[in-house]
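> Below is a structure I'd like to ask you about.
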Ligand code: SF4
């Protein structure tokens, strides 16, 4: 029993699958995904984009394979990146087989869209031969006609039924190494569909609010939708869909996980909005710190608070804290207790150094243990 039960999330028990070397579901960490938006035939451009996502901490990357040239390029791309690659296939079963042969760790494909039972068998066989998992990706915008006729419009029940129909096809082929998503751009619809699916099966779930929007709007929408589900213990891997650079999707994904205490990566800054009481310029300090500490991957907590109203309290809960004081002398807290004072001109470099030192000690401890 946790000493802080109000923070406890009881995770849904899901089946464990693998996307290459990355476990998804079961007790494995909730992973963060993104998708490239370069032409897949532009190998150098796609690899560069994946490297940027890797630097931001991505666990799994999806790449579209709309034609044969793309599946050819896929093998080259996979050789040059470190994270498992999911091949996004829409309808064409040959692309799925080529992607599996090219080394894709997972195929995003809806078996009900491939065509004949023979084709499904061939794709499943290719996945088995090459150690590929799959993702069934149901989307409210492209629901099957018979379900739209049955339900009248995209609704949670229709999304769940579609997902289970696709799942049954794989199960009938003795294939269980898959995860499922039921995305919609409407948060109410997506959340209700995921809740329904979570209750109806034990497959791992890939969460996402599709076409969420630009950086700010999409972040808020995704945080509400994905956050709501994760809080309820639902979800094994997430992708934040933003009309923004891939690394932003990854950063937002981590911020959602960090907010819920699910995964920690990099520096988590607690800072006040600032007001007339601030002893230094909080906004520009936090902006500068976010940039200068972006390279840190160890989970360090840092509080940057403008004055003593909330500074000491927040500093108690963080590894390193800074609280604005009068007369340009600000208090630095280490491990929750007041440690020494620093003046404004030296403050920024000093905090960066303290955080880097703390991160290095965490990294060293991790290496040992
Ligand atoms: S902590 Fe101090 S500076 Fe920051 S908003 Fe509150 S009162 Fe203002």
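Glycine too: its Cβ is placed from the backbone N, Cα and C atoms.
If you look up TrEMBL, you'll see 272, 275, 307, 314 marked as [4Fe-4S] cluster binding site. Residues or ranges marked as domain 'IspG TIM-barrel' in TrEMBL: 15-254. Per TrEMBL, domain 'IspG C-terminal' is recorded for 269-356.
What's the neighbourhood like for each of these?
DSSP assigns residue 314 ([4Fe-4S] cluster binding site) to a helical segment in the three-state reduction.
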> Run through the Cβ atoms and count how many others sit within 10 Å of the one on residue 275 ([4Fe-4S] cluster binding site).
10
> For the [4Fe-4S] cluster site (272, 275, 307, 314), what does the 8 A shell look like? I mean other same-chain residues with CB within 8 A of the CB centroid.
273, 274, 277, 278, 282, 305, 306, 309, 310, 311, 323, 324
> Less than 6 Å between Cβ and the nearest atom of ligand 1 is the rule; apply it to the binding-site residues 275, 307, 314.
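So the answer is 275, 307.
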